[in-house]
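For reference, the structure is listed below as structure tokens.
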Amino acid sequence: MSHQPLSCLTEKGDSPSESTGNGPPHLAHPNLDTFTPEELLQQMKELLTENHQLKEAMKLNNQAMKGRFEELSAWTEKQKEERQFFETQSKEAKERLMALSHENEKLKEELGKLKGKSERSSEDPTGDSRLPRAEAEQEKDQLRTQVTRLQAEKADLLGIVSELQLKLNSSGSSEDSFVEIRMAEGEAEGSVKEIKHSPGPTRTVSIGTSRSAEGAKNYLEHEELTVSQLLLCLREGNQKVERLEIALKEAKERVSDFEKKASNRSEIETQTEGSTEKENEEEKGPETVGSEVEALNLQVTSLFKELQEAHTKLSEAELMKKRLQEKCQALERKNSATPSELNEKQELVYTNKKLELQVESMLSEIKMEQAKTEDEKSKLAMLQLTHNKLLQEHNHALKTIEELTRKESEKVDRAVLKELSEKLELAEKALASKQLQMDEMKQTIAKQEEDLETMTVLRAQMEVYCSDFHAERAAREKIHEEKEQLALQLAVLLKENDAFEDGGRQSLMEMQSRHGARTSDPDQQAYLVQRGTEDRDWQQQRNIPIHSCPKCGEVLPDIDTLQIHVMDCII
């Protein structure tokens, strides 16, 4: 895992299955038969320990970066609070300026009053002292000059306050500007290199910054060094693999060169042997041939030694290559078996890079805010100095005004005293007249209270009378309803009686017609006729209703007229 380059990982976290992480793609994987299982177990344990160490280092780095980010957020909150404090101070300065302007206006009014009084005193013939007037005029001139100075300083302060407001508004928009930068892993590594090797403002520490900012920067540099050390370890592993591959290629090239040289030497030896035979046959100098053969033998032995060294280097390189390939295979198996760990590692790397970029942006923003706060502090110091000067001048002006008022109070005219005495007399007279009016009003109020008490009693009596009248009216209505019911019953009974009488008469007439001889007595007929007339008079008397007033006894024809009469009569 430590020797595998970061560029071999894809964006989704999967490792390519066709090509290995190290070495050229055309070379075949070594056989696992060359290694014992103990060596394989040791290598697997080493890889697991390295992987675990890398995980712990990444977790610690993430935790440290998170803590640093929280510290930076707290520091930004402190900066915001300081900015709010500066804003409140600027508001207080504005309020003080407004108060000073109001006081200046009051001073102007007092100056106008003093001018009017001085003119009055100059018009009066009683003024016999000229020196105090000259002193008063000099003091007035001094006050005028002080007022002009105060107005000029007020204008300057207003300009400074407006500039501060503009700067605060412009800086407030860039407080929460935070940009997330997403980029490929290769570009992220390049940005990390630039951050490490750049001599820019990220590493420099200004002299005027506070201790907290310096400690934060040192902590950040330490975290950047830890990340850079991890990246350097990974790169060194990759460079070692590349160096071994290059050494393998060079050794192979040397072997091929040595083989070519050996073949050439063998051909040369055969040629030299043929030439020696010819020379022996021709009997040419045997000593020169022996020396050449010895030299060739020495060259061949040196070449064989070089070949053996190259073979040993090749075997060592092949062993290293086999080990690395086995590690790569184990890592590929592990990656294929646990893709979630790869995703976690990629996420950790991505979060680390993202946090580094965020820290850089936060540092740049912090430096900008520090510069702004320093400018604001300097301007606030200037404002405080000007404010103190204004307060001193204002106090001096107040003292001069108090002295002038004391002098004028000592020079009070008699006319003013007379006017005040006349005003007092008029006020006493007005008070006496108002006191009389108050007494009269109190008497009228007492009478009205007595009238109100009598009115309450009368209202209570009226309510009682009204309740009695309504009760009597309801009783009379009930009696009238009962009378009407009785009249209806009477009418029904009279109709029944008339019907019975008619039936009786008819029966009598029938009986008379049947028994005419028996009923020839005239006295009995007269009695019957008289009885019928009496019954009719009684019925007429019963049908006439009596409507009379209970108070005056007046008889009325209807119940409605009786109700109206009763209301008028009782009230």
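Any Cβ shown, glycine's included, is placed from N, Cα and C.
In the three-state DSSP classification, CYS569 (Zn(2+) binding site) falls within a helix. Using a 10 Å radius centred on the Cβ of CYS569 (Zn(2+) binding site) and all shown protein chains, the other Cβ atoms total 12. Per Swiss-Prot, Zn(2+) binding site is recorded for CYS549, CYS552, HIS565, CYS569.
Taken together, the residues of the coiled coil (38-170) have an average pLDDT of 73. Among the features that Swiss-Prot reports, coiled coil is placed at 38-170 (among others), with the record citing sequence analysis.
Taken from Swiss-Prot, the feature coiled coil covers 233-502 (among others), and the record attributes it to sequence analysis.
Annotated compositional bias 'Basic and acidic residues' per Swiss-Prot: 100-123 (among others), in sequence order.
As annotated by Swiss-Prot, compositional bias 'Basic and acidic residues' applies to 130-143 (among others).
Per Swiss-Prot, compositional bias 'Basic and acidic residues' is recorded for 186-197 (among others).
The compositional bias 'Basic and acidic residues' annotation in Swiss-Prot covers 255-268 (among others).
Residues or ranges marked as compositional bias 'Basic and acidic residues' by Swiss-Prot: 275-286 (among others).
Residues annotated as region 'Disordered' in Swiss-Prot: 1-32 (among others).
The region 'Disordered' feature in Swiss-Prot is assigned to 100-144 (among others).
What Swiss-Prot lists as region 'Disordered' is 186-210 (among others).
Annotated region 'Disordered' per Swiss-Prot: 255-291 (among others), in sequence order.
Look at Swiss-Prot and you will find 176-181 tagged as motif 'LIR'.
Residues or ranges marked as motif 'UBAN' in Swiss-Prot: 468-473. Residues of the motif 'UBAN' (468-473) grouped by DSSP class, helix first, strand second and coil last, total 6 helix, 0 strand, 0 coil.
For 541-571, the entry in Swiss-Prot reads zinc finger, with the evidence type sequence analysis.
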| Same-chain residues at least 6 beyond the ends of the motif 'UBAN' (468-473) whose Cβ lies under 8 Å from its Cβ atoms | 563, 570
| request: Report the member of CYS549, CYS552 (the binding-site residues) whose C-beta atom has the most other C-beta atoms within 10 angstroms. | output: CYS549
| message | Taking only same-chain residues 6+ apart in sequence, whose CB is under 8 Å from that of HIS565 (Zn(2+) binding site), what do you get? | response | CYS549, GLU554, LEU556
| query | Around the Zn(2+) site (CYS549, CYS552, HIS565, CYS569), what further same-chain residues have their C-beta within 8 angstroms of the site's C-beta centre? | reply | PRO550, LYS551, GLY553, GLU554, LEU562, VAL566, ASP568
